[in-house]
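Inspection log for the structure reproduced underneath, given as structure tokens.
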Amino acid sequence: MVFKLSPASPAGKWLGFVTAVWVQAISGNNYTFSNYSDALKSLMGLTQLQLNSLSVAKDVGKAFGLLAGLASDRLSTPVILLIGSIEGFIGYGVQWLVVSRRIQPLPYWAEETQHVDDGDSGNMHSEFPGKNRGPVSGILKGYVGLSTAIFTDICSALFADDPAKFLVMLAIVPFVVCLTAIFFLREIPPSSTAAEESDETKYFGVVNVLAVIIALYLLAFDISGPHGGLFSQVFAAVLLVLLASPLSIPIYLAGQSFIRSCANTVDAEKSVTEPLLAAEAEKKVAATSLAEVAEKRRPVLGEEHTIMEVLKTVDFWILFGSFLCGVGTGLAVMNNLGQMGLALGYADVSIFVSLTSIWGFFGRILSGSVSEYFIKRAGTPRPIWNAASQILMAVGYIMIMAIMPSLYVGSIVVGICYGVRLAVTVPTASELFGLKYYGLIYNILILNLPLGSFLFSGLLAGYLYDAQATRTAGGGNTCIGAHCYRLVFVVMAIACVIGFGLDVLLSIRTKSVYGKHIR
């Protein structure tokens, strides 16, 4: 009997999922700006406002997620991966040419265009909704959270935080991974029996445990101080092994299938209709006759909404506003970590970038599980966890001001709260407004990323830093001391308090919806 590894087989299905995990593990490069921002600022003689405008341009690229969402309905997965990989390769490749001084710095407008391209590249491989939305989304979003720490720590271990080599890595690694994923990432069937569902839950648990091990491993490297060359090389090698370890699941399943085929075991491949990593469930086309006959009425929270119906609800705009307060202030910190660290006298800011990424992973993983538990046990509205993250973030900003100079607390708090906000807001939107237009609703919500980046990073942090800074000989400016960002943190703490109020209001308004989920 000839052994074939088809996408519909258990091994083929999990090979596709592991490939999706790897794609997500290289998708967080948009959050690494602080690792090379100071090099750009020095080379181009930029003010902080101009530098922050580049970070905003990077986040504006995320707004093209609307186009990526529409493209996913019309183009195949390999084509979308190819487009995203080429965009990232060109965008970060040009940044490397500038930082490594192989070409003269580009005109400022051209530099902004390249950063938009960098940001857009991440949209081409960011959504994998399907039947197992909860565990699939949680695992994939968790690996996105780890992505920044993976890139940062490998660069620190192998290249001593050289910004030029870091940009080479951002250009080449995602490009190679996405080209490889083209051959394995497909729409694949979920389990169709109780036994297969049990195995699926077990394997999801294995991937989750591996993700936690990777996060703890990265954290141990960050907090263990300076490392020698040999130690760093061993660290990088072990990290690559850990990242490859989920591949053991499809290898194990392929081995089982091979043994069964050799023993002439009956191998009837069941036909299925619903994909595990599908673009959207396609089962809702039937049952439209009743809807056509029934009297048209405005849907209530918890029912399917059209996009126009969503945009007309007060609850959506409350969610949108609270999301802006959370992710906007979080992005301002992440985009400015480089200058914040230098202002406070830190020679190396990569540890703060890595800490934000790692604790963001824990925020994403834990908030999804905890909020789901309390929904089923007590009907606790999911937005209440957003409210908790907002008030914690506000307290964190106040602590940063009170115990300066220290960014350790700030990077951990921002990482956790930013992760909670991303992990909780997405399912909240689908629970309140339905799954039919989930992808487009999500992409409208994440318009808050460029909007928040523009308001809090581009304008607020840029203007207030420049007001405190002194001019340098190269045409840029610099500021040293805790006062450089103190007023920025005051304003962002106030914004988080406003976001807290909005989340509490939404929790009150949606209590009846979540009360139906008590088991």
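The backbone N, Cα and C atoms fix where each Cβ goes, and this holds for glycine too.
Annotations in TrEMBL come from automatic prediction, not curation.
According to TrEMBL, the feature domain 'Nodulin-like' maps to 13-251. Here TrEMBL flags 166-185, 206-224, 230-253, 316-334, 340-362, 383-403, 440-465, 485-506 as transmembrane segment. Annotated domain 'NFD4 C-terminal' per TrEMBL: 303-514, in sequence order.
Same-chain residues lying 6+ beyond the ends of the transmembrane segment (230-253) with a Cβ under 8 Å from its Cβ atoms: 9-12, 14-15, 18, 21-22, 25, 150, 153-154, 156-158, 203, 206-207, 210, 213-214, 217-218, 221.
When each of 206-224, 316-334, 340-362, 383-403, 485-506 is scored by its Cβ pairs under 8 Å to the transmembrane segment (440-465), the top-ranked stretch turns out to be 316-334. When Cβ distances are compared across the two stretches, the transmembrane segment (485-506) makes contact with the transmembrane segment (316-334), since 3 or more pairs at least 6 residues apart fall below 8 angstroms. The stretch with the most CB contacts under 8 Å to the transmembrane segment (316-334), chosen from 206-224, 340-362, 383-403, is 383-403.
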